[in-house]
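What follows is a set of notes on a single structure, which appears directly below.
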């Protein structure tokens, strides 16, 4: 197969290569039905579900038994009315039959309680286990899977989708089982009384089932598409939160909000279509039920005329059919939850059922008894699965000898870090073979293999826990994992000493128990790196991989750590990836890569003598020096002595032992009315549609009362048509049922479509506002505990959907039921106020139960915060999946996540118990109300005060009103969720940050800044930790066009100066002035537009290279983009890609190397054409050649603009106009390179440590 080598490699995919690449990305075809959601039910939970379903069925069957009593009572009434039954006998039978309602009520309470509690408990347990299975499957996946699936999608699935699943398999399932049982039991009663009449009515039932099936398919189809669309949007949001400093500095919030909004538009469109199917289903069912009543009375009258049925039987059958209709009407909205749950399960189970081609939790593969550590890359060819037309390594052969140090160098993107990824088996090479001690890696157990390797990467990731735990993670999967605590503590302390981290850790508040924050952001870059090194060496691995492991360290810390790493490398195989060549000059072998090809190898001295590629890289890093002759003291009082002191002083200001923020505030309390007004305001652009929907809902809510009037008159018409209202016969009233059905279809259709429209737009608008509100916040907000990227992503996913619980179908149903109650009482009172008042006497109890249940369900809302914590943990693990994989943390992550979920389940149990009891009470009250109504109504009839028609109209109206009142509170969970979510969103939207990125207040820079910068006696402490100062009386001046460098040890305050210049924070005292004006007087976004920041750790956003470069300047021309890319030394690489600027960068830029990401960030900064350029270790991820080119570009770019550069690599700043040396938050030296070298002070010591000998 012909190949073209080099950057612009074009390849022809043969079948083997296609198979290898597709296996790393393929997803299984899984058919997910509703019953698939119960896959993870245990035997105990299945037993509970069986018992709960049986009780639900019994509770559903109890209600139709009431129709037998009703039929008998109706027979007694008609018998009494025609004089065939004496008064005493009538009263005796009436009391006996009324007592049956009490028995039915008691039975209903017991069965409903067991049903609701059983389904709630089992549903939560099954959902929890499904969550665990999903995260476990996520942890099993190969790294290529995460090139397509971002952490935001994982959060969306584990929160939003899992909530949908739980909603679909818990209480609503129990209510539906009861409703369906009522439906069929009512039909059974009807068959017993009159099979002819019931059979005719059954034909209508078949039509209902067909409509439900068709609508269910439509709902599921569009809900799946809505979930998929949001999963992509969630990844955009999570990336924005993760890279919030870069996002804020470049002002890309509007662009990100636009990107997020595009995905939300897709979600809204699909969500509306799904809800439209639900609206059609409910409207059709309500119309058909009305038709059914008319058909029943019409056919019943014919059978009565033929003498084949009695009035008592007709009433029993019609009551049964009515009850069947009402039960289906109440459960119909729940079918939307089932379709939504099934749609959510589609993607969940696709991931769960995906068999990873590189499964770190698999037990297969060989586990050799001993390891020497010799690694052999033989003719290795590699292509990334997400970019199959680009060869990264081409026929590479390299031996890494056992127990030796092998270094790999080369320009950015040459394939160095790819070697590390292949050794860890993050990917499968498409050609050649990699072996360890002669064993092909693919034959070795993956978990075992990674246990022989420890890695320190270029961008170390720490987890949001303690320092102790972060280092202990290095022991996971080893035989020391379960060692005694004392031994583990000793190993951790020793590892910290090796990494030169022990002293600064010991001086933190809490010491080793101090929390490090999300991704370790409460530590400086150098401190994170040293903890990562301690984590790598704690297990004494056979193979050590150092991928730019000292890139974030200042020269003095680098020297100390390098000595430690040199010691740690003895007698173990070490593979070092390096740009800073001072770190690898003593390597046993140095391999030089270019475009995926090995071009040179040998020792440092050999390669320098060859004067080839390596020699040119070394020359690029040479620092001009003029050292004093005296030596440098590394003992107390020298560099080593001050290092620990300055770090401990800084870090005590940055971190607290428990990681909490003193500014954590209790959430404001809002009344229900305030929250209703707030939700209404969120839908302000749809208020006309809302008004239409509310009006129509009130109209459809009168349907039950109208049916009651028609019902009473129809019964009387069967016996004596002249006694009915208007003296109409039965045919008239049947025609009225037909007309009512058509009216109800129209009303429910308009109601459903209106609220489907407003609800989908409410969710879209709420998510958009919430996202924008989060992006608007200042850095203090993101520093606070609980505001990590995972927690914020979870909030974005769930809160808007919960707020919809007071909109859409739920709001329509609530209004419908409220109007039904009011109209039922009004109708009953107009026909017989005495009976109406007695019948409604139980309603206050019913409503009290409902309100109490809503209050109890609100208490359950505390689980949302715990869910957010669990989701944040899962997000953190997914976003750092390479670190998780290399540390073999998969089982530990799954175990911790399970513990968090189980703790949540235990805390919810008591609230669920009380909630179930209240709901059962409300349902049993309906039977007691029916018994009271019949007893008192019969008494009124016996006394001659009421007619049978008055009784039936009052009874049907009030009983249906009571059922509507009870049904309201089946939505208690939706209401309480919506209330709590609305309170949280309202609280967030009410927060006005002190540095509002989108505020228009402040001085507007019309002409542009000149670029004069002054720091006048600046002191600063972080707002969340005001205890000590990070900067102390710092004074600094930069004239327009000057290049100013800030150097010093890790954590000395250099990057803090950059943060203050960007106005991430405001100073405590003193002031920062640009062009003579305090920067706090400028309009924030306008001021930041004059600056450009390139930071140490660059995160790109999902999209193309062009998207990322244009994020904050979408009006730039193609020529400007190309020039910026050329200046950043990235254009040639972009041209080598098949899609050029339109090449996808993957989630967080994962498809590019660190150096490539950095150069794209620099291109983005140059395109901005800033007046002030801020470089915070801008070239830390670059090789020497790229660094030299970038430095030349930055030198050119610096002309006419002021540049502030934070640097550890001193070769990048030796030509600076002024260099400020920081130590412990103060400036200890100032001058240019030559002046500072002649002083022989701190700067000279730093330079000496970084010098490379070319001899």
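Start at 1 and count along the chain as shown; that gives each residue its number.
Note that Cβ sites are derived from N, Cα and C of the backbone, with glycine treated the same way.
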Which range is it, out of 641-664, 761-784, 833-856, that shows up in TrEMBL as transmembrane segment?
833-856
Matching range for TrEMBL feature annotation, transmembrane segment, among 858-880, 881-903, 950-972:
950-972
State the residues, same chain only, that lie 6 or more residues beyond the ends of the transmembrane segment (276-298) and have a CB under 8 A from a CB inside it; answer 'none' if no residue qualifies.
197, 200-201, 204, 207-208, 211-212, 215-216, 218-219, 222, 314, 317-318, 321-322, 325-326, 328-329, 332-333, 335-336, 339, 700, 703, 707, 710-711, 714, 717-718, 730-731, 733-738, 740-742, 744-749, 751-753, 755-756, 809
Mean pLDDT over the domain 'ABC transporter' (375-620): what is the value?
84
May I ask for the residues of the chain that lie six or more residues beyond the transmembrane segment (730-757) and have a Cβ under 8 Å from a Cβ within it?
272, 275-276, 278-280, 282-284, 286-291, 293-295, 297-298, 301, 686, 689-690, 692-693, 696-697, 699-700, 703, 706-707, 710, 713-714, 717-718, 721, 724, 807-809, 811-812, 816
Within the same chain, the residues 6 or more beyond the ends of the transmembrane segment (97-119) and with Cβ under 8 Å of it are 48-49, 51-53, 55-56, 58-59, 62-63, 65-66, 69, 72-73, 76, 169-171, 173-175, 177-178, 912-913, 915-917, 919-921, 923-928, 930-932, 934-935, 938
Beyond a gap of at least 6 residues from its ends, the CB atoms lying under 8 Å from the transmembrane segment (803-827) belong to 275, 278-279, 282, 333, 336, 675-676, 679, 682-683, 693-694, 697-698, 700-705, 708-709, 751-752, 755-756, 758-760, 762-763, 766, 836, 840, 843, 953-954, 957-958, 960-961, 964-965, 967-968, 971, 973-975, 977-979, 981-982, 985
For the transmembrane segment (197-215), find every same-chain residue at least 6 residues outside the stretch whose CB is under 8 Å from a CB in it, and list them.
183, 187, 190-191, 277-278, 280-281, 284-285, 288-289, 291-292, 295-296, 299-300, 303, 309, 313-314, 317, 320-321, 324, 328, 332, 335
